[in-house]
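Enquirer: Before anything else, here's the structure in question.
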Amino acid sequence: MDIWTMGNRYLAQLSHTSFARAVHAHILTSGFKPFPLIINRLIDHYCKSFNIPYARYLFDKIPKPDIVAATTMLSAYSAAGNIKLAHQLFNATPMSIRDTVSYNAMITAFSHSHDGHAALQLFVQMKRLGFVPDPFTFSSVLGALSLIADEETHCQQLHCEVFKWGALSVPSVLNALMSCYVSCASSPLVNSCVLMAAARKLFDEAPPGRRDEPAWTTIIAGYVRNDDLVAARELLEGMTDHIAVAWNAMISGYVHRGFYEEAFDLLRRMHSLGIQLDEYTYTSVISAASNAGLFNIGRQVHAYVLRTVVQPSGHFVLSVNNALITLYTRCGKLVEARRVFDKMPVKDLVSWNAILSGCVNARRIEEANSIFREMPVRSLLTWTVMISGLAQNGFGEEGLKLFNQMKLEGLEPCDYAYAGAIASCSVLGSLDNGQQLHSQIIQLGHDSSLSVGNALITMYSRCGLVEAADTVFLTMPYVDSVSWNAMIAALAQHGHGVQAIQLYEKMLKEDILPDRITFLTILSACSHAGLVKEGRHYFDTMRVCYGITPEEDHYSRLIDLLCRAGMFSEAKNVTESMPFEPGAPIWEALLAGCWIHGNMELGIQAADRLLELMPQQDGTYISLSNMYAALGQWDEVARVRKLMRERGVKKEPGCSWIEVENMVHVFLVDDAVHPEVHAVYRYLEQLVHEMRKLGYVPDTKFVLHDMESEQKEYALSTHSEKLAVVYGIMKLPLGATIRVFKNLRICGDCHNAFKYISKVVDREIIVRDRKRFHHFRNGECSCSNYW
DNA sequence: GTAGGGTTAG
């Protein structure tokens with residue numbers, strides 16, 4: 001036996017890297033020449049054990065270019081996702097030694113890097129240079145063509161060529177061609193029926209022996225992808241032996257289209273027919289359970305999988321784990337989700353994104369933040385989830401910051417990311433930023449996006465421009481119930497109760513079904529506008545006409561409506577008729593109504609209940625002490641304040657802000673921080689002088705401390721909303737609307753004062769507080785003092 | 001030395 005054969009036999013037995021290294025070392029140190037065959041074996045070995053740099057080192061040692069080695073290397077680079085190095089290597093391969101196999105490998109490499117056009121070009125080039133395509137070539141190039149999938153003619157051209165070369169008799173080519181038709185069929189640019197029919201014809205006309213498992217699967221999955229579940233099911237039922245992959249495709253098709261019962265049904269049949277369930281089956285079924293809200297079924301599957309199919313490593317496959325994370329986050333079991341996530345030996349982007357969006361949806365924004373920071377890789381979705389999560393939880397500044405950071409890192413935000421950024425502007429009331437984003441959105445062509453439109457409606461509304469919100473709503477190409485809800489809410493918050501109701505009626509006429517949010521909104525609208533009769537009517541229709549069971553939030557809005565109208569006995573009746581014990585939202589609504597109507601007795605009762613339920617909520621202590629102060633019961637005021645101190649409850653400081661020239665200026669109560677605050681105080685003094693001439697009297701009822709009346713007046717003059725409004729008058733161009741935002745509810749004296757100010761300086765003043773908007777113009781407020 | 005079928009996240 002010669003040394004070549006011997007070396008080759010040794011190497012054929014190689015299974016261990018260290019042994020390969022030993023052979024390699026021997027070749028290097030002993031004088032024996034690096035025979036190409038042995039070197040190639042070694043390169044192959046190192047590539048397979050993912051030591052590509054080592055393989056390359058050997059490759060570069062070969063004195064004469066070798067096409068087999070080059071192809072091995074090329075494929076290794078491609079498998080590792082490094083198309084650049086693969087292409088470089090291919091280009092460096094001398095034309096004289098290239099062969100069909102090397103072209104095939106390069107075409108596949110392009111295809112795997114999702115560059116269908118490059119693959120197709122190379123195919124054309126190789127034919128021009130006289131290389132003869134083989135079945136491998138066709139399979140590869142058809143795979144690449146599936147990526148382009150924008151024209152019917154491409155498939156047909158290649159179909160002709162395949163036919164010409166007689167390659168249709170090769171199952172892999174037949175399958176690749178069918179798969180190509182199927183992929184092209186899902187493109188919106190083609191007539192998918194024609195292409196599906198072509199794929200089906202290929203399938204039907206192939207002799208049964210040529211229709212192997214991939215063939216069945218391709219055609220069945222093809223129908224699934226192209227939304228013909230009936231055809232897919234028919235074929236599935238017609239199969240003599242049951243191929244798990246095809247069944248899995250069918251199940252996932254049902255799940256995608258929302259036919260969860262059918263999906264579970266198939267699962268049961270698979271099980272009873274003895275078809276091997278695998279990780280794909282479980283992944284689909286678990287995700288069916290989470291989409292359908294059937295959490296118990298999902299957990300049963302989890303338990304079953306735990307009992308039966310533990311992997312050798314003791315863990316599930318990645319995709320099963322990912323589906324489980326989603327299942328548990330959707331049913332609010334974040335601890336369970338976290339347990340699955342933490343135990344995973346390997347996590348991918350999907351796992352991270354799933355747990356991140358789980359935390360965001362559970363409003364655990366700090367946990368989400370640390371997950372976001374920990375993530376090894378982030379996708380567009382990651383950023384989007386985080387940005388909109390921050391905005392939804394009131395962190396507008398952080399949301400915008402993250403959006404900018406995303407762009408700095410060179411990522412192109414998608415429409416969802418823009419929607420998140422706009423939502424951040426809604427929180428901040430930053431109209432300048434919001435408008436800039438809006439113009440970028442138009443430039444980028446994202447303005448037809450539903451989520452962007454919905455975010456814009458809310459942004460314009462929350463920045464005080466309810467007309468602009470309306471324009472967006474009217475010009476959106478498609479709207480959904482979220483858009484309607486947003487627009488109704490916009491009208492409601494700005495005090496246009498009647499218009500809000502009209503819009504709601506219009507929504508019903510257009511056959512859009514109201515949901516639980518719609519009713520929350522419409523009840524608020526009635527409450528803000530004092531429309532008691534209407535509010536009660538809508539509340540009643542909820543269950544009767546739309547089958548929506550009123551929740552505590554709905555009841556609290558109804559009670560709010562009644563109490564604001566002074567109908568306390570009716571409110572009491574509602575409370576007693578509720579199918580559950582009144583919780584904090586109910587007592588809050590009662591308390592607010594009592595304060596407006598001076599119903600101190602009931603108000604104090606409500607506040608006492610609230611103190612029991614939510615002892616850490618500062619607002620209750622303030623309201624309670626306000627009520628005692630109004631009654632002149634200073635001992636009680638002192639008692640409440642002492643209680644607050646003892647329990648370590650801090651009053652959330654009043655804070656208002658205004659945007660001037662793209663900068664947000666923040667004022668705190670009794671502010672001494674803002675650089676221009678002294679000028680603001682001086683100007684306010686002048687204004688008050690003018691206002692008094694028109695009849696303004698400071699209303700010291702709104703000061704809780706027991707102090708002299710002069711001090712009380714001073715205390716009123718330091719309210720943050722006054723400072724912000726005055727700053728706006730000083731800084732904004734003449735005639736410009738003043739838009740001020742406050743974290744708490746507006747104070748009664750400030751409300752009164754702004755009416756006078758709007759008259760004195762002849763300006764429109766818009767104040768957004770925690771609950772709604774106040775438009776002051778010419779001595780009046782849009783809320784008609786009803787808030 | 002090269003090729004064809006399925007699953008998960010807003």
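Glycine is no exception: its Cβ is also placed from the backbone N, Cα and C atoms.
Remember, TrEMBL labels are computer predictions, not curated facts.
According to TrEMBL, the record shows the following:
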DOMAIN    A:695-787  domain 'DYW'
REPEAT    A:99-133  repeat 'PPR'
REPEAT    A:243-277  repeat 'PPR'
REPEAT    A:348-378  repeat 'PPR'
REPEAT    A:379-413  repeat 'PPR'
REPEAT    A:480-514  repeat 'PPR'
REPEAT    A:617-651  repeat 'PPR'
Enquirer: Residues sitting near the repeat 'PPR' (A:99-133): Cβ under 8 Å, six or more positions beyond its termini, same chain?
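Expert: Distant Cβ neighbours of the repeat 'PPR' (A:99-133) are 67, 70-71, 74-75, 77-79, 81, 83, 86-87, 90, 93, 140-141, 143-148, 165.
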Enquirer: Go through the chain and flag residues at least 6 beyond the ends of the repeat 'PPR' (A:243-277) whose CB is under 8 A from any CB in it; none is fine as an answer.
Expert: 213, 216-217, 220-221, 224-225, 227, 229, 232-233, 236, 284-285, 287-289, 291-292, 294, 297, 309
Enquirer: How about long-range neighbours of the repeat 'PPR' (A:480-514): same chain, 6 or more residues beyond its ends, C-beta under 8 Å?
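Expert: Same-chain contacts beyond the ends: 450, 453-454, 457-458, 460-462, 464, 466, 469-470, 473, 521-522, 524-526, 528-531, 534, 538, 546, 548, 771-775, 782-784.
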Enquirer: If we skip the immediate neighbours and take only residues 6+ beyond the ends of the repeat 'PPR' (A:348-378), which ones have a Cβ under 8 Å from one of its Cβ atoms?
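Expert: Counting only partners 6 or more residues beyond its ends, the repeat 'PPR' (A:348-378) has Cβ contacts under 8 Å with 318-319, 321-322, 325-326, 328-330, 332, 334, 337-338, 341, 385-386, 388-390, 392-393, 395.
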Enquirer: Taking residues 6+ outside the repeat 'PPR' (A:379-413), which of them lie with a CB under 8 Å of any CB in it?
Expert: 349, 352-353, 356-357, 359-361, 363, 365, 368-369, 372, 419-421, 423-428, 430, 433
Enquirer: Just give the helix, strand and coil counts over the repeat 'PPR' (A:99-133), going by DSSP.
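Expert: Counting residues by DSSP class gives 26 helix, 0 strand, 9 coil.
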Enquirer: By DSSP, how many residues in the repeat 'PPR' (A:379-413) are helix, how many strand, and how many coil?
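Expert: Grouping H, G, I as helix and E, B as strand yields 26 helix, 0 strand, 9 coil.
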